[in-house]
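Chemist: So Swiss-Prot lists these for the protein:
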- 5-267: domain 'Pyruvate carboxyltransferase' (DOMAIN)
- Asp14, His202, His204, Asn238: Mn(2+) binding site (BINDING)
- 392-522: region 'Regulatory domain' (REGION)
Amino acid sequence: MSNRVIIFDTTLRDGEQALAASLSVKEKLQIAMALERLGVDVMEVGFPVSSPGDFESVQTIARTIKNSRVCALSRALEKDIDAAAQALSVAEQFRIHTFISTSTIHVESKLKRSFDQVLEMAVGAVKYARRFTDDVEFSCEDAGRTPIDNLCRMVEAAILAGARTINIPDTVGYTVPSEFGNIIQTLFNRVPNIDQAVISVHCHDDLGLSVANSITAVQHGARQIECTINGIGERAGNCSLEEIAMILATRKGMLGLETGINAKEIHRTSNLVSQLCNMPVQANKAIVGANAFTHSSGIHQDGMLKAQNTYEIMTPESIGLNRNNLNMTSRSGRHVIKHRMEEMGYSEHDYNMDALYEEFLKLADKKGQVFDYDLEALAFMEAQAEEDNHYQLQQLVVQSDSTEGVATATVRIEVGGEIKTEAATGNGPVDAAYNAIARATDRRIDIISYKLGAKGVGQNALGQVDITAVYHEQNFHGVGLATDVVEASARALVHVMNLTCRADKVADYKQSMQKNRELGGV
């Protein structure tokens, strides 16, 4: 049996289900390209039949990604498989992933069928998917609670029908490692054709055991692990990719297994997903948390000064985190900035050097020193600015009366190429800025979530504001970064307004298409 573990990333499918607002096609593509740099073997990027937006994003990613296999999900229904095959047809290499529930509670309560009927549906779905590709994965949903006799029957039948990967999900995160390992071992002992497929696992974290269950599974013969960046996903989340990758790398001598993951891309990819998904990483998160390589105890610090491996089983550099952040000033030349971006893993194709350097100089004049995390934040802001924005914030001036609590904000904003200036008051500077922007744009949205964070540490940190807003019964997520919290809030609002503007254009286009169809049918 091979010692190579296939890494199947489902951040853009299972992970996205946890988000308050869906990612845009451009944001999904950014993450997909980061996953490709990271070296994932397979990336599951959506559920094409679920919506036109999901279909478009799967197709766009399938057209772009070259080095990873692109996968789409489908139920055990022909219409789902057709949609997945159509969206994936432009890919260099693709996989169709079809699934059906197999546990007694799901079969009887959700599907309202007999197990034999469900088995027949599964076989039919796999055979149908094989018409489009040889690479078909079949999942036994809620396998962790499926009677073992039924699970063995289902796995054998799916392999016989043509599935080349069989996924065993612990859908509700119910099993413990010894129990889950026994399930995998039993399949290897009792399914006669199991050597004709790769056994995969997909563990959820409801009891905090997703990573432990996945490691136990590969010790018993599984050779694919399904996971997400930062462990994001429904409810308590999924198995964390970065934890799996670093466990297998750090304990290779004991486990004897390896992956194709480029570990130096882990930190960068984690940051990107956290930023775009508006899901901060907890400080004590293994591998990528802010405190993962922090040593506060005097005894620990003394040991670290004598020998790093006294208290570090891996280095921050191994995941692409530079231990010694080089501070830069307004006197730093373009070559310094380019060099630092390269050291952090960014190629010149990932950002606009002219725009980045211009923003760097502005920030350096304000802060004095600029750090690595600042550059990453500026590159993210610059990428946002390159989008086709109807609204662009030019200037924000705020005056606040600390005794009365009333603030006045004046904004200059470009609206479709026209400069508008408006002023408004509010209950505090952020409220005043929001009111002024709403007046200038003549667009009202309802903010349902406002989160204030920091990019960096100490007094030199950049303010990061994440907002979720409702517009026409849809949720939109905006991010703003600036040295000033009020400006960051204003930028986040403008970001959301641009997203709603694009949504209006899409709605108008769909309405126009519908009218054309109706006229054509008369």
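Cβ coordinates come from backbone N, Cα and C, glycine included.
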Chemist: Tell me which residues of the chain lie with their Cβ under 8 angstroms from that of His204 (Mn(2+) binding site), as long as they are six or more apart in sequence?
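Modeler: His204 (Mn(2+) binding site) has long-range Cβ partners Pro169, Asp170, Thr171, Val172, Gly173, Ser210, Gly233, Glu234, Arg235, Ala236, Gly237, Asn238, Cys239.
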Chemist: Please state whether DSSP places His202 (Mn(2+) binding site) in a helix, a strand or coil.
Modeler: strand
Chemist: Of the residues in the region 'Regulatory domain' (392-522), how many are helix, strand and coil by DSSP?
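Modeler: Its residues fall into 53 helix, 56 strand, 22 coil.
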Chemist: Limited to the region 'Regulatory domain' (392-522), I'd like the whole-number average of pLDDT.
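Modeler: Mean per-residue confidence for the region 'Regulatory domain' (392-522): 82 out of 100.
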Chemist: Name the residues of the same chain, 6+ apart in sequence, whose Cβ is under 8 Å from the Cβ of His202 (Mn(2+) binding site)?
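Modeler: Non-local contacts for His202 (Mn(2+) binding site): Thr10, Asp14, Ser139, Asn167, Ile168, Pro169, Asp170, Thr171, Glu226, Asn238, Cys239.
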Chemist: Beyond the listed site residues Asp14, His202, His204, Asn238, identify every same-chain residue whose Cβ lies within 8 Å of the center of their Cβ atoms for the Mn(2+) site.
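Modeler: In sequence order, the nearby non-listed residues are Thr10, Pro169, Thr171, Cys203, Asp205, Ser210, Glu226, Cys227, Thr228, Gly233, Glu234, Gly237, Cys239.
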Chemist: Work out the three-state DSSP category of Asp14 (Mn(2+) binding site).
Modeler: helix
Chemist: Just how many other Cβ atoms lie inside 10 Å of the Cβ on Asp14 (Mn(2+) binding site)?
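Modeler: The answer is 23 other Cβ atoms.
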Chemist: Across all the protein chains here, work out how many other Cβ atoms are within 10 Å of the Cβ of Asn238 (Mn(2+) binding site).
Modeler: 30
